[in-house]
Amino acid sequence: MSAAQSEKQTLFIASLIIFWYSSNIGVLLLNKLLLSNYGFSFPIFLTMCHMSACAVLSYVSIIFLKIVPFQRIKSRSQFFRIATLSIVFCGSVVGGNISLRYLAVSFNQAVGATTPFFTALFAYLITHKKESWITYGCLVPVVGGVVIASGGEPSFHLYGFIMCISATAARAFKSVLQGVLLSNEGEKLNSMNLLLYMSPIAVLVLLPATLVMEPNVIDVTITLAATQRYLVLLVLINSAMAYAANLLNFLVTKHTSALTLQVLGNAKGAVAVVISILLFRNPVTFIGIAGYAMTVMGVVAYGESKRRHK
C-alpha cells in the first residue's frame with residue numbers, strides 16, 4: 001500500500017470513528033432532550049420511531065444501495081429465533097429510553113457500563129461458559145463503582161434506576177442469546193441484515209404496546225408540535241441517527257476490530273458523560289464521578305483480562 005493510499009485509509013477510518021461517536025452520543029442526548037426537556041414523555045413511541053427508521057433505512061441500504069450483501073432467512077426456526085432476539089432488543093431499548101426520563105445521562109451511562117457483568121453472568125447461566133478468576137475479579141469494581149455512583153447521585157430515581165439496570169441486563173442477554181440462537185454457521189447473519197429483520201418485528205411488537213400504554217401520544221404530539229416547532233424534525237433526526245449508529249457500528253468493526261470498538265466504546269461513555277453535564281447542567285458529586293471512574297476502569301481491566309486469557 002502506497003503512502004497516499006495509507007493516508008486515505010487512515011482518514012477514512014478516523015472519519016468513520018468521528019461519525020460513529022457523533023451518532024451514538026447524538027441519539028443519547030436527543031433522547032434525553034425529547035423525553036425530559038421537551039415534555040415528549042413517550043419512550044415506547046420514540047423507540048417505535050427508531051425501529052421504523054431502522055426498518056426503512058436498512059431495506060434501502062441493503063436492497064438498493066447494496067452496502068452489504070442481502071442474506072435470506074433459511075428456515076422458519078431461524079425466523080422465530082430472530083423474532084425472539086427482536087423482542088429482547090425491544091425491551092432493552094425501551095428500558096433505556098424510559099430510564100432517560102428519570103435519570104441524568106451521566107448516571108445512565110454509569111449504570112450502562114455494567115454490561116460486561118451481566119454478559120458474564122448470562123454466559124455462565126445459559127452456556128456454562130467460565131472465565132478465569134482474575135477476569136471475574138475485574139467485575140467487582142464494575143459493580144462496586146455503580147453502587148458508589150448511586151450513593152453519590154443527587155438526582156437518583158429508583159424507578160429510573162430499575163429501568164436502566166433492566167435495559168443493561170436485556171442488552172447483555174441479547175448478545176449472549178444471539179451467540180446461542182444464531183450459532184449455526186449457515187444461519188449466521190451480519191449485524192446489518194439482522195437489523196433488517198429485527199426492526200419490522202420490533203415495530204409490530206411496539207405498536208400495540210404504544211396504543212395500550214401511551215394511548216394519547218398522537219394528541220399530545222400534535223399539541224406539542226404546535227408550540228415546539230422543531231419537535232417533529234428532532235424526532236425524525238433522532239430516528240435517522242438511531243439507524244446511523246447501527247450502520248457506523250458495523251462499519252467501524254469491519255474496518256478496525258472488535259477490540260478497537262470495545263476501547264472506543266469505553267471512551268464514548270466518558271465523552272457522553274462530559275457533554276451531557278455541560279449541556280444539561282445536571283449536578284454531579286465527587287462520589288458520583290469516582291464511582292463512574294471505578295466502573296470504567298473495571299470494564300477496561302475486564303476487557304484486557306479476557307483478551308489475555310483467551
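Every residue gets a Cβ built from N, Cα and C, even glycine.
Positions annotated as domain 'Sugar phosphate transporter' by TrEMBL: 13-302.
The transmembrane segment annotation in TrEMBL covers 12-30 (among others).
The transmembrane segment annotation in TrEMBL covers 42-67 (among others).
Per TrEMBL, transmembrane segment is recorded for 79-100 (among others).
What TrEMBL lists as transmembrane segment is 106-126 (among others). The list of residues near the transmembrane segment (106-126) in space but at least 6 beyond its ends in sequence, with Cβ under 8 angstroms from a Cβ of it, reads 28, 96, 99-100, 135-136, 139, 142-143, 145-146, 149-150, 153, 155-156, 161, 164-165, 167-169, 171-173, 175-177, 180, 266, 269, 272-273, 276-277, 282, 284, 288, 291-292, 295-296, 299, 302-303.
Residues annotated as transmembrane segment in TrEMBL: 133-150 (among others).
For 156-173 (among others), the entry in TrEMBL reads transmembrane segment.
The annotation transmembrane segment is assigned in TrEMBL to 194-211 (among others).
Sequence annotations record features per position, and here TrEMBL assigns transmembrane segment to 231-252 (among others).
Feature annotation from TrEMBL assigns transmembrane segment to 259-280 (among others). Sequence-distant neighbours of the transmembrane segment (259-280) (same chain, 6+ residues past either end, Cβ-Cβ under 8 Å): 17, 20-21, 24-25, 28-29, 32, 37, 104-106, 109-110, 112-113, 249, 252-253, 292, 296, 299-300, 303, 307.
Nonlocal intrachain contacts for the transmembrane segment (286-303), taken as residues 6+ away from its ends with a CB within less than 8 angstroms of a stretch CB, comprise 106-107, 109-110, 113-114, 116, 120, 135, 138-154, 259, 262-263, 266, 269-270, 273. Among the features that TrEMBL reports, transmembrane segment is placed at 286-303 (among others).
Between the transmembrane segment (79-100) and the stretches 12-30, 42-67, 133-150, 156-173, the greatest number of Cβ pairs separated by less than 8 Å involves 156-173. The stretch from 12-30, 133-150, 156-173, 194-211, 231-252 that makes the most Cβ contacts under 8 Å with the transmembrane segment (42-67) is 194-211. Counting Cβ pairs closer than 8 Å to the transmembrane segment (231-252), the top stretch among 12-30, 133-150, 156-173, 194-211 is 12-30. The predicted model assigns the domain 'Sugar phosphate transporter' (13-302) a mean pLDDT of 91.
Using a Cβ-Cβ cut-off under 8 Å and counting only residues 6 or more beyond its ends in the same chain, the transmembrane segment (156-173) has close neighbours at 88-89, 91-96, 98-99, 101-103, 107-108, 111-112, 114-119, 121-122, 150.
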